[in-house]
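**Student:** Structure incoming, see below.
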Amino acid sequence: MASEKAEMDSLKKECDGLRTQIEAARKAVNDGSMSSAAGSATDVGRVQLKLRKSLKGHLAKIYSMHWATDSRSMVSASQDGKLLVWDTFSGNKMVAVPLKSAWVMSVAFAPSGNLVASGGLDNMCTVYNIKSASPKTLRELDAHTGYLACCRFLSDTEILTASGDTTCCLWDLETGKQKIIFTNHIGDCMSLALSQDERTFVSGACDSLAKLWDLREGTCKQTFSGHTSDINAINFFPSGNAFITGSDDCSCKMYDLRSDQEVIGYQDTSLNAGVTSLALSNSGRLIFAGYDDFNCHIWDSMKGEKVGVLSGHDNRVSCTGVPGDGMGVCTGSWDSFLKLWN
Amino acid sequence: MSGSSHLVAMKKVVEQLRFEASINRVKVSQAAADLQQFCMQNALQDPLLTGVSSSTNPFRPQKVCSFL
């Protein structure tokens, strides 16, 4: 017993030592700031986007939306128990998928456009084929012991999920089984984003940490701290070397993978609402962040300044997305509407 | 949890920290400069920055056109 306690104490000491070492290593490379590098960048001025379409169709709060790779179709999920696939050019609803469980929290479009996936308080991720005559359930991925917070397809045969059970998981859609379970977070996993090369992904959780994972090895490669509350949203910067997070602490942060630390924060004393969602414009210069204050605020990612706002929703903005061609922004809200802006 | 499972868990934490401590880190000034450069190089290909003309705006209400 005594030897166990002694070993425990020595391990704790080693942990503290390693944490101090990591902080010192981060400090040692912290030789400049984004604002000094941004000095030479041109100003974006005031970004004023116009509301182009209001998509009406859901009967309850919208929790999630995701663009298809064609930059034209988009899928939304509402706690009215439906997924709607929209043609955003015409504003028409193309497909309606009735859900077994209305408590949906996340929806995703497969890159092929053939499949969509959703899940929520049922702890499952259900995959549907939307190209068949009527939407057909392809798979029910049932192994998480907590809610499904986020899902993203790698292809028609693999999907990544983030769960309230504190794990993320890579699934094989051909067998319906878990391939790799990613454990390391100590709080509900709320959001995930895949790298372009699909070799890594980042996750944000209620332990206020963001983590970078090796998708094939299943290992956590880096851990990023700084937020003081749940991280609800996460997205890669288009160069792939950085990612942005949005949190209940009312701020967004950009973390650089190669410097292993936060390089700039986005907060404003007048903004006292949590960040629910975020999306980036194609150059990475603009961040569209959805907040609990019913607005989507636009940030200049390089200068750290607020440069615009998308106002029009009558309730919390719960989801935001920019299509692959970068032609606009879609916001989804608890007011049951989706809005398209550019 | 029993004493030894505490130890196993703790050993895993130490192993993870050792791994995270071992990476090479790039100077923030370099990382920041690279991020800035990416934004600048891609600014013209960013429709939300450059603006979308009404003739090419996919979300604008469609006007009916007929081919004669």
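Placed from the backbone N, Cα and C atoms, the Cβ positions cover glycine too.
TrEMBL labels come from automatic prediction, so no person has curated them.
The feature coiled coil is assigned by TrEMBL to A:1-28. The repeat 'WD' annotation in TrEMBL covers A:55-96, A:141-181, A:182-223, A:224-265, A:310-342.
What's the neighbourhood like for each of these?
**Tutor:** Non-local neighbours of the repeat 'WD' (A:55-96) in the same chain are 102-109, 111-113, 116, 118, 120, 128, 130, 135, 315, 318-319, 321-325, 327, 330, 332-340; each lies 6+ residues outside the stretch with a CB under 8 Å from one of its CB atoms.
Outside the repeat 'WD' (A:141-181), and at least 6 residues removed from its termini, the chain residues within Cβ reach (under 8 Å) are 105-112, 114-115, 117-127, 187-194, 198, 201, 203, 205, 207, 213, 215-216, 218.
Counted with DSSP, the repeat 'WD' (A:182-223) comes out as 0 helix, 23 strand, 19 coil.
Per-class residue totals from DSSP over the repeat 'WD' (A:224-265), listed helix then strand then coil: 0 helix, 23 strand, 19 coil.
Mapped onto DSSP helix, strand and coil, the repeat 'WD' (A:310-342) counts 0 helix, 15 strand, 18 coil.
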**Student:** What residues in the same chain, six or more past the boundaries of the repeat 'WD' (A:310-342), come closer than 8 Å to it by Cβ-Cβ distance?
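**Tutor:** Contacts of the repeat 'WD' (A:310-342) (Cβ under 8 Å, skipping residues fewer than 6 from its ends): 49-56, 58-67, 69, 71-72, 74, 76, 78, 80, 86, 88, 276-282, 288-298.
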**Student:** Of the residues in the repeat 'WD' (A:55-96), how many are helix, strand and coil by DSSP?
**Tutor:** 0 helix, 24 strand, 18 coil
